[in-house]
Each structure stands twice: as structure tokens, then as C-alpha cells.
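What Swiss-Prot says about this protein:
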BINDING   ASP592, ASN594, ASP596, GLU598, ASP603  Ca(2+) binding site
DOMAIN    152-187  domain 'EF-hand 1'
DOMAIN    257-292  domain 'EF-hand 2'
DOMAIN    406-441  domain 'EF-hand 3'
DOMAIN    476-511  domain 'EF-hand 4'
DOMAIN    579-614  domain 'EF-hand 5'
SIGNAL    1-19  signal peptide
Amino acid sequence: MMRAIYLLVVVCWAAAANASSDTVPAEVQTIVKTPGHQYDLYKKMVATISLPANANTEIHKGLNIKRPDNKVTKADIELYYWHKDLKYAVTKFLHLINDDGNKEELTAEEFSNDLQKLAFKVALVECHYQLSPGLRQACYADEILTYGALVLESDDITKFYKHLDNDKDNELKTEEVLKIQHTHKNKDNKIVAEELGAYSGAKKDTVTPEEFEEYVTQESIVDDFRECRSKKATEGTTDYDNVCLTNELVEYVNDDLTEIDISLLYRSVDTNNDNKIIIDELKAFTGITDDVKAKRILELLDMSATTPANAKPVVDYGEWRTYLRSPTVLLQLERDCAMKHNDQLEEINCMYKLLKNLLIDEHDPIWLEAWDLDHVILFEIFDADKDDGKVFKDDLKKIQKNFHFKTEATVTRYMVEADIDKDSFICLEEFDEYMDIPHMVYGTGECILHSRTKPDERGDCFVEETSDVVDNFKFIENAAFDTWFNHYDTNHNNKIEKEADGLLAKFNNDANVLTMFLEETGQGGLTVEPFEFNWYVKQQHLAHAYEDEKIVTALVQKFTAEQITKLHTELIKYINDEMTERDIEDLFDELDHNDDHELTQQDFPDCWNDVKDLLTHIDALIPEGDEDTTVNYLEFWAWINHPNPKKPQELIKKTFETDCTTKHATQKEEVACYVKTFKTKDKFKTA
């Protein structure tokens, strides 16, 4: 995901002087180096996740669409699915959850044993933090069905294992893992061998078929495998491409935050090894000496809805895992650590150091990001009757007066936009997706600092801002963006590629403009995927531009050829003439020589005196930041979009645009010019 898209929720590191170590404790280093011990730790951690005694009953209620017959049938599950690509899995799920693959109905008791499996427990843990019974039931049902629909079956796993086990002796050895053939460049399988070997419960550098099956059915990896299904799978059969599965496995272990990573990091902080991170352990980890701040961090991490107000906050494994897997934290851990290291201990040490800095920084997602928990709180305010985990139009009408939905027309429009599957109600999954679109991320950002312990206060802010966004933006449906993307996909292969037939002509045969377009929308490469294009053109700035130009005047389901021509003109104008979000990010990265996500004296060894005053000024723009001449990305972005002291009628970015944006044909030239302009101190006098 682009940093520009998540500007308000982006992780920004703050400088913090503390005495805590930047490496994991010695005990954890020993665990990393000893085959099998990591897996033992992971099993121990997951075993601490305690599902409520009535979890199987709540799952049953969530799935039992045809209540009150108290039996979950195949028809119930078919009704439950609105995911088009999961419908094939109904029979597969029933086969997974009970021993009789032909059985087409289940009682609540038949869920009990399966819910104790490691992967199921991990998949369900986040549902504990739902507040109302109806919403918790819906969450349980959705998680268990989604996991059950995607997980590989035993026959597929056996074929996958044999594909990797070259000598067919049912022992996948380190040397065999190291020789795995895959298409990913710069991945040497070392860390794959380390993690798979560590997962072996036999304390040896081989992995048995049983151990392998347990690994590849982890909740966090199964979704990666879904694209490896053949088209036959959608018709009810299972057929997987083993080469694709191999590539996904290599990429997961190399580039993703794995379950073993999460358990190692938890153990690194929970030094008492009692499955409770308490205030003293957090202070030792972060180096924080302020009890008030340390307690506040623990309160934000402690997501249990049942924790009494006067109780001491503690963080269990499920809450820790939920925090690490929140979108922005996950992005940072994977991008800055997992993707940059091919040694497991180096990777864990990197994550350990990064997490320490994240928790210290008051601009970290723990302080600023709308977590899923925030969406749950807001969803439950919207769900006025609190009985079914669904928001109907009547629910919104009930809260209209109290929570500032301005008119009934606003309520109607909100239902049209957020009800993705058009079944006349909004479920949590639809609501969460709607609240994550850039318009809403920006519009509701200021609400996030409201106390999480006062849902009504936070909810009031969210609903009011949501109403404003709904009233003031002309939303464009995803299908419309597909038509715009298709305008550039001249080879009709679901990619925008520089050498595609006819593409250059759409840019008036100007190769420089085409290259800039590809570099911007594709985040650096010269091939643009649909999701990259869609995220780019949904930026808040561009959304305003569409409306200012009267391109979009109502809810749009499909762009016309005339609209696409206007949209293209506006987009190219933005890329060519303005300092874009991508430009700001590239400038920051170019100035950040030591790649520590902050600008300090170390980044300016030859011109510190020229930029010291400017950095001090930038750091002071956001009062919550430490005024120590250390500038993180959020502060830097705020300065770029701040009025110029020399020309108050213009934003700082105007100087960069005048000096660079309109004068250079390539992104590299532009960024080099931005750097030169930044280091010219007279451009931005702060006195």
C-alpha cells in the first residue's frame, strides 16, 4: 500500500532517547537458533488463546440463517456467502468441519472439537473484541467460513509436499528446501529453510508431512494460496498449481509477518513468560520512564471490551497479534524488515527495534489509526437495534437525529454506497471496506484521537464526519474505475505496460509523459496493476479535482468515453504540474540517507548548518512531536502543505512546483531538483 494513501495513518518514527536494547533478549535468540523451539513457542502462545465456552453456539447462531431450526445446513451456508469466489467452497467447508463429507447439516456441538485446532483459534481470536452478541456471532461465522473455504485439503497438501520432497522419502530436508525452484528474484530460500526447520516439532532440520500440513494450514497463509486454484475449483473441485503454491510459500516466509515472527516478538516483550505484557515489561522494552504514557499505550493495546475501567491493563497474545496485524503496522514490519533481511535473527531484531519506536511515537497507528476495533464501535452505534450484526436503513434513521446525519437523503445515499452486495443491509465487512476508502480515511482522521474508552464521543465524531463526506463527495464505484483502467490496458491482459500496443498514442506519443504516468501510478515500476491504479486515482486531491472540473456530478457506475478523456487530462496535469503525494514521499526518502524514517543531522553531513533551522521549524509544526530537530514523514508532509513564510498566500509545495515539477521530464530529474531546492535555505526562511 502506498504511504501517500495512508497519510493520516502512516507510521512515523520519533526520536527517543532510551536505554532499552535494540536486539531481542538472549533467551529469544536461543529459541531462534534452535530447530523446533520456535514452533514449540508458537504452539504455547496459541494455546493461551481461550475461546469462550459458548463460541461454538455463537458460531452456530451466526450461520443458522433459517432460524430457529437450530441446524446449520448446506443451504444456510450458501445463503451466508456473498463472496462470489467462495461459493464453490460450501461443500468443502462442510467436509472440513466434520468427518462425514456427505452430511449436510451440523448441530452446535459438532463445532466444538474443530474450534480447538490451532489455526481455527487464531482465525477467531479477533472476534472476542466485538461488543454486541449479534456482531460477535457474525464475526465468528465469517472468519470460520472464510478460513474453511480457503484452507488446502489434505490431498492438495500431500501433492504439494511431494513436489518439494525431491527424493520422495517423506522427509523435507534443509538441503531440499534450499534448492526449491521459484520465480522470485533475490530470494535464496535461507530464511524459508530456517523457518520450516524451526517449525519441525522433532527438533531437527527436517519437516515431516504432518508438520508441513500444520504449517501450510495456518490462518495467515491460506489466503495467499487462493490464486493458485485452477478455474475448476470454482466448479466445486480442488486443483492447485504446485509451482504457484511454492512461489506463494517462499514469498510468505520471506516477505510476510509470519505466525512464528509474532510469537517470537511477543516472547521478547513478555520477559516473565506468563502471557501478560504488563507495564513494567513495556517500560523495559521501550525505555519509557513515564508511567502515565506507558499505561496509556497498554490501554490502547488492551482491546478487551470486558476490562473494568479501574483494572490494570495487560496485553495477552491475541491482543498483541491483533496490533501487529493491523494494516499500517503490518505494512511497516513487512516492508522495512521482512523484505530486507534473509536471516531470521536479523529480521526479528529489525522488527523488535521497529516496534519499540512505533510504540514510543505518538503519531504511530496505535494513537492515530482507525483500527478495526474503532470500526466495530462505530458499526455498533449504527446498528441501533444491536441484535443481528446488520445495519438497515431504519437503523440509520434512528440515529440520524442524535448523530448528525444531516438529512434522510444522506442516509439513503450512504446505504447506496456502503451496501456493496445490494441486499438492503450493511454487514461489518462491507462497513469496514467502506470506511477504509481514501475519502473516509481522510475525512474521519481527526476523530481517531477521541478516547477509545468513550465510544459515544468517538462515534459522534465519526458519524458527523461520515455524513459530511457522504454529502460533499461524488463517490465513484469501483466498476467505474475499472473502465478507466481498461482505457490504458490496450493489451487486454489486466496490466498497463509501457510497450503495450497503442498505449503511447493515448499520451500524444510523448514517451516522457507516459513514463511519468507509469512511475507515479505504478509506484516506481513501469507496469501498473489494477489495484495500484485504483488506489492512486482515489487520492483525496484527485477526487477534489474531479469535482472541481465538473467531471463527476453524481454517483458514477461507469465512466463514459468523454469522462475518461477529461479524467485523463486532469490526471496528467496533476502528475506534470503539481508536487504529488508520490513526489513528497520520494523527496523524503532521498533526504533520509540512513533509511531510518526520520530526518536528522546524520542525513545532512555536508550542509547541516543550512538546514538545521528549517528542520527545527518543520518539527515544531505538529505540537505533539518532540521538538528536537528530528523530522518524521508526517511532519515533513505537513510542512510541504503549509503556507510559505516568505509567501503566505502560497503553500511550500508551490516553490517546489515552480522550481522543479514543471521543468523536468522524468521522476529522477524531478526528485534531484527537489533535493537541491530543499537544501537552498533562503527558499524557506522561517523567521
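Think of each number as a place in line: the chain as shown, counted from 1.
Note: Cβ is positioned from N, Cα and C throughout, glycine not excepted.
Working note on the binding-site residues ASP592, GLU598, ASP603: by count of other C-beta atoms within 10 Å of each C-beta, GLU598 ranks first. In sequence order, GLN602, ASP603 are the residues of the chain that are 6 or more apart from ASN594 (Ca(2+) binding site) and have a CB within less than 8 Å of its CB. As a summary of secondary structure, the domain 'EF-hand 5' (579-614) carries 21 helix, 1 strand, 14 coil according to DSSP. When pLDDT is averaged over the domain 'EF-hand 5' (579-614), the result is 83. Residues in the domain 'EF-hand 4' (476-511) partition by DSSP class (helix H, G, I; strand E, B; coil) as 16 helix, 3 strand, 17 coil.
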